[in-house]
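Notes for the one structure printed next.
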Amino acid sequence: MTDNQENKPKKLTLSNTKLSLNKSFDSLASTQSFVNAKSKTLVEVRKSYSGSTTTLSLNKEKGSLETGSSSGSEEFNRRLSILKKAAEQSKLNDNSQISTLSKLASINQSIASQEDPIEVEQEESSDTNKVKEEPKIEEVKDIEESTLQTPKKKEDIFVKSPLVGTRTRYGIESEKTVDKVTENKVIAPKPKVEESRKFKKTDLFNMVGDDENDNRNRTRSLASIKRAREKEKRKSLVQVPEKVYREITLPEVIGVGDFANAMSERVSDVIKELMKLGILANASQTIDADTAELVATHLGHAVKRVQESDVENILITNDKEEDLRSRAPVVTVMGHVDHGKTSLLDALKSTDVASGETGGITQHIGAYRVTLADGRAITFIDTPGHEAFSEMRSRGAGVTDIVIIVVAADDGIKPQTVEAINHAKAANVPIIVAINKIDKPDIDIERIKNELYMYEIIGEEAGGDVMVIPISALKKINLDKLEEAILLIAEMQNLKASPFGSASGVVIESKIEKGRGALTTMLVQRGTLKSGDIIIAGTAYGKVKKMTNDKGIEVLEATPSVPIEIQGLSHVPHAGDMFNVVQTEKQAKDIAEYRERVAKEKKISIAPRSSLEDLFLKASGSSKIKELPLIIKGDVHGSVEAIAGSLLKLPNDEVKLRILHSGVGPITESDVSLAHASSAIIVGFNVRAGANAKTAAEKEKVEIRYYSIIYDLLDDVKAIMSGMLDPIIREQYIGSVEIRQIFNITKIGKIAGSYVTRGIIKKGAGVRLLRDNIVIHEGKLKTLKRFKEEVKEVREGYECGIAFENYEDIREGDTVEVFELIQEKKQL
């Protein structure tokens with residue numbers, strides 16, 4: 001073949017060393033239409049490189065192919081018949097092809113899962129080639145032989161064949177060709193197996209399906225499947241929580257935030273519901289129970305209404321009968337001042353407490369535990385005998401089992417003795433009368449017993465049920481009889497209490513001590529109080545940090561009938577308040593807040609109401625009622641309470657005593673600031689002001705008064721209030737004058753010539769003009785003369801000239817009464 005023939009671009013021959021397509025195909029699947037049917041034939045395109053032998057055979061066949069191209073239409077028809085036979089043969093092999101493709105699909109999936117597609121592809125291709133290599137080559141040989149003898153047309157003929165080879169517009173080039181020249185037989189070498197390219201995961205499905213269904217039948221990658229499964233797993237794990245409907249306990253008042261937490265709702269949702277009801281509130285504000293019930297019902301929750309006082313229900317406990325144990329009796333010693341109550345306790349507990357008290361009176365309550373020789377114990381409570389401490393005596397009788405009324409043999413029954421008897425009767429407590437000071441001479445015990453009959457206190461010797469025991473605390477006479485009487489009555493009462501469970505009891509006294517804070521003396525009545533317990537006492541609450549007994553020894557627990565002193569409360573409670581142990585500090589806080597609200601409401605309800613007139617008078621400074629503001633600070637709460645109660649009992653018709661603040665502890669700067677702002681007097685009872693408070697008081701000129709005996713305090717306050725009272729103005733008659741002659745003087749006016757008939761008259765004194773025994777004028781004496789000289793006074797039996805201030809209607813025969821006004825100091 002010449003060079004010109006080789007350079008023609010449009011002439012197709014088989015003379016090239018490699019048969020290739022002038023137009024490439026992107027897809028590996030094609031469709032061939034026949035007369036009345038469609039057939040799908042897989043054509044696998046591979047890059048094949050043939051050796052030199054194939055090239056030589058193709059060059060030899062080049063001439064025969066060119067000569068055969070001019071043979072005519074017979075050769076063309078022959079070639080067409082061969083192709084039809086090949087198509088029919090492909091139809092017969094469809095089933096085998098489908099099974100082959102399914103195997104290839106499974107191989108492709110295993111390739112994807114093992115992530116080693118190249119090795120699997122090589123093994124599969126090698127196995128497939130071993131099985132089908134020879135028949136495919138033979139079929140290709142037959143087709144090429146017929147094709148070489150058939151003239152080529154310029155029509156496009158596309159063929160799908162199961163044979164492996166390279167597709168062209170005019171036929172198929174076999175990977176393996178066999179030389180047809182018998183005389184020069186050349187054995188085709190095995191095709192060079194090169195490393196196949198990595199199959200794409202979509203190749204198998206492109207080979208199986210139609211072009212129009214390729215996208216629908218495309219297989220998802222394994223990673224995509226894993227992601228989908230993980231997503232479904234996460235969806236199954238993350239479940240939307242179902243709304244829980246609760247039963248809400250609603251008090252009378254509840255905060256919006258607490259209300260939302262109780263329902264497990266968001267605060268914003270609760271606020272939206274409140275806005276629908278026309279209520280604007282934030283999380284820190286409170287709403288009433290009716291509004292909260294509407295919101296809770298709308299949100300689907302059930303509501304249980306409770307009273308605010310129900311917070312104290314947790315304090316109610318019932319003891320089991322089998323838990324009860326015998327306890328020591330609690331004995332209260334009561335009586336008049338200086339009748340020997342504290343001395344009796346000193347004798348019983350062998351300590352000298354009385355010597356440390358000012359004025360010989362007990363300033364506050366004390367609790368002591370005395371252990372007798374036989375091991376039995378008695379708890380004594382000492383109460384003040386002064387009349388101001390009536391509340392403390394009342395509390396003492398309320399917490400005791402037995403009352404000992406001490407009566408001095410040389411003094412007899414006194415007012416506080418009668419009061420103590422009444423307190424004991426009101427508390428329904430057994431009474432023992434101890435007639436003290438029998439060691440003194442000239443005493444009459446029978447007289448004391450007869451006086452007791454007047455108050456229904458009848459001794460056993462007279463057929464009564466009251467034990468009357470003569471004793472001497474100083475000489476320790478008959479103290480053993482007194483102890484036996486106490487134990488006998490206690491045994492008759494069968495006193496028992498449960499030492500198990502949460503402790504409860506009563507506050508005996510409370511005070512503030514520098515460096516230790518609030519100290520509270522308590523008497524345990526049931527249960528066992530332990531260090532670290534959370535207690536509520538009145539409006540004070542806190543954790544017990546330290547406990548000490550009556551001897552000052554630190555203890556870890558206290559059983560019934562044991563008095564102890566604790567520290568750790570938020571502030572000092574009131575004496576007489578009950579204390580209880582609670583589980584959590586929140587419970588204690590809720591109870592304390594409720595009690596504070598109740599106390600505030602009670603204080604507002606009993607406060608006197610001022611009229612509009614009183615407010616105007618007070619603003620103008622002309623109010624008839626004067627006020628004495630006071631600030632009271634004391635060492636213990638009982639003393640402060642007694643002082644305040646005694647002061648408020650003072651008559652206050654014209655002077656009103658107003659206690660701005662009363663508390664326990666030293667006088668502070670805040671007390672001085674309050675006193676300066678309200679012009680108050682600070683009263684300190686057994687306390688002193690600190691250095692800073694003293695400096696502030698001197699600077700602000702605030703008066704601070706210190707007292708150690710309640711008598712002196714009450715007397716001074718009474719004197720201050722008396723000094724604020726308006727003085728009493730009294731009219732005192734001093735004389736009478738008879739008018740005998742009237743003189744008219746131009747510059748002066750009328751002068752009455754008079755005669756002093758009684759007493760004495762003074763210049764500037766008050767006069768009352770009487771005519772026919774009727775008072776026609778009352779005024780002052782302006783002029784008093786005797787013989788043209790001004791004098792200060794004229795006595796009875798003398799004549800004088802008088803003139804009145806701003807009055808001249810004087811007649812002969814009128815009578816003038818002369819008097820003067822005397823101011824007297826008013827006393828409370």
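A Cβ is built for glycine as well, from the same backbone N, Cα and C atoms used for every other residue.
Per Swiss-Prot, the feature GTP binding site maps to 335-342, 382-386, 436-439. In the three-state DSSP scheme, Gly335 (GTP binding site) falls into the strand class.
The compositional bias 'Polar residues' annotation in Swiss-Prot covers 49-58.
Per Swiss-Prot, the feature compositional bias 'Low complexity' maps to 65-74.
Annotation source Swiss-Prot lists compositional bias 'Acidic residues' at 116-126.
The compositional bias 'Basic and acidic residues' feature in Swiss-Prot is assigned to 127-144.
Residues annotated as domain 'tr-type G' in Swiss-Prot: 326-496.
What Swiss-Prot records for 48-76 (among others) is region 'Disordered'.
According to Swiss-Prot, the feature region 'Disordered' maps to 112-148 (among others).
According to Swiss-Prot, the feature region 'G1' maps to 335-342.
Sequence annotations record features per position, and here Swiss-Prot assigns region 'G2' to 360-364 based on similarity to another entry.
For 382-385, the entry in Swiss-Prot reads region 'G3'.
Look at Swiss-Prot and you will find 436-439 tagged as region 'G4', backed by similarity to another entry. Remote same-chain residues near the region 'G4' (436-439) are listed as 339-340, 343-344, 406-410, 445, 470-475, 477 (criterion: CB distance under 8 Å, separation of at least six residues from the stretch ends).
Summarising the environment of Gly335 (GTP binding site), the number of other Cβ atoms within 10 Å of its Cβ, over all protein chains shown, is 27.
Around the Cβ of Lys341 (GTP binding site), the number of neighbouring Cβ atoms within 10 Å comes to 29. Per-residue pLDDT, averaged along the region 'G4' (436-439), amounts to 87 for this model. The Cβ of Ile438 (GTP binding site) has 21 neighbouring Cβ atoms from other residues within 10 Å, across all protein chains displayed. In the three-state DSSP classification, Ile438 (GTP binding site) falls within coil. Secondary structure from DSSP puts Lys341 (GTP binding site) in a helix. All chains included, 16 other C-beta atoms sit within 10 angstroms of the C-beta of Asp338 (GTP binding site).
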